[in-house]
Amino acid sequence: MDAQKMKMVIGLVLVATTAFALMIPAASAVDDFITRRAYDNLVKSGAIKDIPVMAKTIISNPVLEEGMLTYYTNKKLGDSAISCGETCFKFKCYTPRCSCSYPVCK
């Protein structure tokens, strides 16, 4: 195999490896979200300052919010009501008076 073809093969392998490596985190990511109502409660209570970096996705569309809450209710917790409107990805709830019942705060 000449040098030009060898460089092309190595380049293709590097591109494929990089593309695969970039897809793994996206495929294994867990959505960590908070509803607009829960976020507003955090701001009003002053507890927002206790969160070092807001890494949650704020859901402000009522239809999308209801869909996410329904998904988590049906998939993980049966027919439980979700009162806090926040997921607890790292087993911590920021909304006051809520505790983690993975994957959502109650």
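Each residue, glycine too, has its Cβ placed from N, Cα and C.
Copied over from Swiss-Prot, here are the features:
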type	residues	note
DISULFID	CYS84-CYS98	disulfide bond
DISULFID	CYS88-CYS100	disulfide bond
DISULFID	CYS93-CYS105	disulfide bond
SIGNAL	1-29	signal peptide
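Annotated features taken from Swiss-Prot, shown on the structure.
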| residue | record | DSSP class |
| --- | --- | --- |
| CYS84 | disulfide bond | coil |
| CYS93 | disulfide bond | coil |
| CYS98 | disulfide bond | coil |
| CYS105 | disulfide bond | strand |
Smallest number of other CB atoms within 10 Å: among the disulfide-bonded residues CYS98, CYS100, that is CYS100
I'm trying to understand the geometry here, so how far is the Cα atom of CYS105 (disulfide bond) from the Cα atom of CYS84 (disulfide bond), in Å to the nearest whole number? 6
Note: in the chain of CYS88 (disulfide bond), residues six or more apart in sequence with C-beta under 8 angstroms of its C-beta are CYS100, SER101, TYR102, PRO103, VAL104, CYS105
